[in-house]
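These come from TrEMBL:
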type: COMPBIAS; residues: 9-27; note: compositional bias 'Polar residues'
type: DOMAIN; residues: 128-222; note: domain 'Ras-associating'
type: DOMAIN; residues: 224-271; note: domain 'SARAH'
type: REGION; residues: 1-30; note: region 'Disordered'
type: REGION; residues: 46-72; note: region 'Disordered'
type: REGION; residues: 114-138; note: region 'Disordered'
Amino acid sequence: MGKGDKDTQSSFEMTWDSTSSSGYCSQEESDPELELFYTARTSFFPRRSPGRLQDEKPEKQPQALSKAETEQKIKDYNSQIKSNLFMSLNKDGSYTGFIKVQLKLIRPVSVPASKKPSCLQDRKGSGKSQPVKRRTSFYLPKDASKHLHLSSRTPASEVIQALLRKFTVLDNPRKFALFERTEQDGQVGLRKLTDEEEPLKLRLLSGPCDKKLSFVLKENETGEVNWDAFSMPELHNFLRILQREEEEHVRQIVQRYTRCRQQMQEALASRTPG
């Protein structure tokens, strides 16, 4: 792995963790209009944070370090890690190193569909027909994690873009956000990083302990829905998904009460009068 005076733009490298080696669950859309495959409940409505999750904290301003202080911090950091994921100081005062990013995505992501011709095209044997532009939806493995090699000058927005490029994800990077996760005294806090914040600097200042600080890629939940930003096919798709979810919810409620009624009837039948 190269170190030293690497250019920021070429400093991204990725290694796979064993947690991300599992296969993907894919579903190819049969309707070319259904370009995005969401679940309406998690896409539209803001979710309440768990009881142990602290409210989002205001943006942190990392303390400015001199070159000597940075060099000492890097030495202390490298002495604490038990792997070869070291940080390296550059001549210009910047430094390179690794951050680990957990992917906690609820929705599937869109990637280019296979370029293999469809069965219909194979049967017809026509080379003149235009291929249908489709996307394939992938559920990324739960709690997959990635190590990114980057510069101290790499902003959070570029970290998100780098992750999406590695997976050839077609979704807009603005749909995702990088979060800082902290844990202290049994309390877990999540804070969304701004586009300009530099994750590697946060990593160095916090130290290598993942419990003290870690990074998570999640959907960018704003709590509000800008319906005008969606196309007509997407809106129709959301309505169909909402209807299916409503029907499934009703079915589960009816089933629950039917089962409860049967149990009570069986209990009554087993008792002798008097």
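Each residue's number is its place along the chain shown, starting with 1.
Using the three backbone atoms N, Cα and C, a Cβ is placed for every residue, glycine included.
Source: prediction; values computed, not measured.
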Find the average pLDDT over the domain 'SARAH' (224-271) in the predicted model and report it.
86
Can you count helix, strand and coil residues in the domain 'Ras-associating' (128-222) using DSSP?
22 helix, 34 strand, 39 coil
Within the domain 'SARAH' (224-271), count helix residues (DSSP H, G, I), strand residues (E, B) and coil residues, in that order.
41 helix, 0 strand, 7 coil
